[in-house]
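Novice: Below you'll find the structure I mean.
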């Protein structure tokens, strides 16, 4: 059997090429064009489907033809010879189905003429196929249906297995007039479903391109849920020993098998303590921490706050506390450098107490660990406390699901292309997985751990670096693995398009200028404020004054205060929290200015406290929904009415008081009673459109959607003015 093109085979079996293509697709054979060549084995498979059914249909048609031959011959004694000849010719005409010259009338006349109606045998023969055509297909009424919002009467009837006219009738009986194409609300759908004893459930349409939906809890067997390692971030002031502590933990906890391995800097690493792994994010302080939070990624389970025992709480320490509190993660305080002679741990505890971190010895709930990162003292105590907090937090994951997680770092490598460091938060990541990362996608080509070793799988809380992406993602972007490569590609491309559109229509950050519009659109009633001042007294006084502003429905939220110039870290925090920065007798540095411009953060610089209060208070009052009052601006008396086709009734009027404006609303008063209230549609003097007509002048007025104007009516013009809040 030789090869053939699809259209050739279709011609052989008297079918359309599309039917053959559909059949090939059902057999999982790729087919897209009628010109495609099909192999001998594929032809054989098609023959089984089409030639077998063709044979059956031919046999049936022959049997029917023979039956039709016999029946006329049995009842021919009274017929003349010419009739017999015509009957004998008839089967030949039946076989010529595609003859364009064949007329339906000529085919029916010999068999369906007058004589056939008078013969009982002939009548019975004709009625045999009728019952087959009239057998009604009865659909069973389902016990439960799901429906999308905006379902029509016809679609509901189809789901219920009922006739649409029956649904229309039932709706009419409950007082709802609807046609087959009309959308139904939830109440109407439930009424109809109750009538048939069917449970109705609204189907929630999920946006497949929203990666956050894949992070929501999914159904999983309890057996599949397992404990996962904690993800820890170390934060603190610049010289308090964060890097030394990280190195100390890593060097003392590297297993024998890992010793001598080349460390791969992927932004995170994992160590083992008491046979339990702990993942540390090796990020550059709280800046990256906040950047991730600004993009909506919550990756950290525990924050280690490093404070030097000889230095105490410093500005960056306070910033780190505020970042951790804003992210709502538990804090463990590591009091470092206790080996120094000038160390004073009690002073550190007292200073941290001023920021809401009280040690357990003082009746608080914050864990304090004293250690020396250089000597390695207290490291074990810190790791034990991390494991204790982990047990309390009950961190769980399902390693059997497809992987989801967050990007820690990303770069464009000259030799490998886009490379991304990922933290697997749930599921298991494998080589070859189809993955969507932020606004890009690809397949996992290679995967290495923090020691630079190539691995094939990565479970929950394990940091890895992958290659194989189309583009470089951003730190904090989410990633999701899909089983279907086509689906991953489709979602990835859709997210790229959405990102392009979002960049074009990027919304502004909140500022005092656009605050009212932001609040109206987002119904946000909180104003996040960061205060930087020249002296602590001024900062505290300003914060206290702002907190005293009493405007109903609006709250001032001080998220950070400090002494010193406005820096880049302040701008990052303001951007993440969608807040504003107030500088009192201080200026922003060069990096802060550049960052504020790039992030769209509003900075307000002042030297007088009451002006700050006045400006903030004004903005907050604008945040509330405005109140309006009516102001009457004029009256006019209708002297004459003229009806003009396509325009309506024009009222020839005389302004008796004030003025009538084109954009004003009017109240039509007749015999002291208000008969209509609406908008001025047109205002003219002679043939010219005018914006307003003053007292003592005549004009022509038409009212929007109202023509029942009579002579003697009074037009009262008014506008709605916004009331300024006290």
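Using the three backbone atoms N, Cα and C, a Cβ is placed for every residue, glycine included.
Grabbed the feature section from Swiss-Prot, which reads as follows:
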- 236-243, 282-286, 336-339: GTP binding site (BINDING)
- 50-90: compositional bias 'Basic and acidic residues' (COMPBIAS)
- 117-126: compositional bias 'Basic residues' (COMPBIAS)
- 227-396: domain 'tr-type G' (DOMAIN)
- 50-141: region 'Disordered' (REGION)
- 236-243: region 'G1' (REGION)
- 261-265: region 'G2' (REGION)
- 282-285: region 'G3' (REGION)
- 336-339: region 'G4' (REGION)
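Help me picture where these features are in the structure shown.
Specialist: DSSP assigns residue 242 (GTP binding site) to a helix. The Cβ neighbour count for residue 242 (GTP binding site), using a 10 Å radius over every protein chain in view, is 23.
Mean pLDDT of the predicted structure over the region 'G1' (236-243): 78.
Sequence-distant contacts of the region 'G4' (336-339), counting only residues of its own chain at least 6 positions beyond either end whose CB sits under 8 Å from a CB of the stretch, comprise 240-241, 244-245, 306-311, 345, 370-375, 377-378.
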Novice: Would you say which of the binding-site residues 236, 239, 338 has the most Cβ atoms within 10 Å of its own Cβ?
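Specialist: Per the Cβ count, the most surrounded site is 236.
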Novice: Using DSSP, how many residues of the region 'G4' (336-339) fall into helix, strand and coil, respectively?
Specialist: 0 helix, 1 strand, 3 coil
